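I have placed the structure first, in the form of C-alpha cells, so that the comments after it can refer back to it.
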Amino acid sequence: MKLVIGLAILLTLSSCASFLEEQQPLENKIYKIKLDRTESQAKKSLFDFITTSQQYRNSPDILDGSDMAMAQTQQKESIKLYNFKNTQYTGEIGLGDQGNKFKVIFDTGSANIWLNSARCNDYGCKNHKQYDGSKSATYEHLGYDLDVEFGTGELMGEINADTAFVGGVKIAKQEFAEIVRENGDVFAQSDFDGIVGLAYPSMAAYNFNPLFDNIIKQKLLDRNVFSFYFSRQEGSRSSELTFGGWDTDHFQGELHFHNVVNKYYWLLDADNILVNGQDLGLCKHGCKVVADTGTSLLTGPSDDLYGLLDTLNIDENCKNVKELPKLTFVLDGINYDLDANDYVMKIDSQGNEVAYDTFASSDSFVEMGANCQCVGSFMPLDIPSPNGPAWILGDTFLSKFYSVYDRDNDRVGFARAK
C-alpha cells in the first residue's frame, strides 16, 4: 500500500520535553511533560515539513469555578520541554518495551508520529537517535508504506506499532511512521529525533489513531485534555506539556474557550484581525485560525500577510520598534493582543534569533550590535480550500497565551501565560 502526502505547513519547531511525571490533582490525574525551548533555525527545509495536504462562531466559554478547581494540581513537577532558540520546544517520548526515549516535537498541526528507523542509513537518520524494532518484544510490523513529498525533499517509510510511553502514561499498540529513507535536508540539522502529532485522527495516514486518540480509546485519563505552556527562556526546561488538564500556575486571568470548527486541525473561527484597533480588511468576512504548536511563527494568506507587513513596516535596523502597533486576533469577542516584543525578532551576526523581550529596554535592544537585523515573526502560507485560507497561530502566539486542547468538548482555550 502506498500513501503520498504533499507537505507544506510551516515548521520552525520548538521545545524539548522530558518524560511525563504523574501529578496528584484535586480530583483527577494530571501528567506533565517539561518542554525545552530552542533557537530558531531559519532553514527552508524546516518550514516545509508538516502538512498542507492535510485538510483542514460560537460564544466563548469562560472557565467557571468548578472547572478551575478540577484543573488545579497539587504538585508542580512536570514533563519538561526544552526551548531550542525560541522556535522549537522538544520533549521525550518512549517507544518499545525497553522504553527507549526520543526527543520529539509535540505538534498540534499534524497527526502522525515520525521517528527515524535503525534501517535508515541516510545522514538525516544517522544524525539522530534511531528506533530499532528488533529490540522490542511489543513491536508489530504493519507494513503500510508511507511516501511523503514536500518542497525540499522526501521521506519514505512504513507505519508499524509498538508500546509508547509519555511519562506515567503507557499506550499500547501505538501506530507510528518509521522513516527508512530520507531525501533532502528536512531533519539532518534539526535538534529533534521525530514528531508526535496531536491533531485530529481524520488527518492521520490510513486513519490510524494519533497518540492522544489512543489515550482516549484506552481510557488512560480522567479528562481528555492536554495543554501547553511555552516559556520564553531560551535553553530552559521550564516549558511543559500537561496531559489530563491544565495548570493554573502557568496563566493569569480568565481562560476562554473557543469551539473547533472542523475536526481536522485545531481550527477556530476568528472575528477579525486588527492593527492598533483598526480593521484593515485582513478578515473581511471572518476568517479561520489554527492553533499549531509545531509552527514557530505566525503565518497568513500571502496577500493579506504582505499587506500587514507593509503596514507594520518593521525597520530592519530596529529603529522603530518602540512605535510598532499592536496586532490583535479577535475570537468570539475576546481580544488576544501581540505587541512588538511578541512579534519582532532580532537576528544577530551569527544568524541566531534574539527575542526582543529578553532586553531590559527597547533602547538596549536597538543598540545591540551594528550587524544585527530586526525581522517580523511572520511567514506567508496559503492553505488551500476547503481548510483554508487560514492563519496559523504558531509559537509566536502560543508563547504569550497558554493553550488548552479539549477533546471532550472539541474546543481550544487561551489565557495570558505567566
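Every residue, even glycine, has its Cβ placed from backbone N, Cα and C.
Where the annotation comes from TrEMBL, it is an automatic prediction and has not been curated.
If you check TrEMBL, you get these features:
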type: ACT_SITE; residues: D107; note: active site
type: ACT_SITE; residues: D292; note: active site
type: DISULFID; residues: C120-C125; note: disulfide bond
type: DOMAIN; residues: 89-415; note: domain 'Peptidase A1'
type: SIGNAL; residues: 1-18; note: signal peptide
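Put simply, C125 (disulfide bond) is 20 Å from D107 (active site) when counted between their Cα atoms. Cβ-based neighbour count (10 Å, all protein chains) for C125 (disulfide bond) stands at 24.
Note: the Cα of C120 (disulfide bond) and the Cα of D292 (active site) are spaced 29 Å from each other.
Per-residue pLDDT, averaged along the domain 'Peptidase A1' (89-415), amounts to 89 for this model.
Neighbour counts were taken as the number of other C-beta atoms within 10 angstroms of each residue's C-beta; across the active-site residues D107, D292, the minimum falls on D107. Rounded to a whole number, the C-alpha distance linking D292 (active site) with C125 (disulfide bond) is 25 angstrom.
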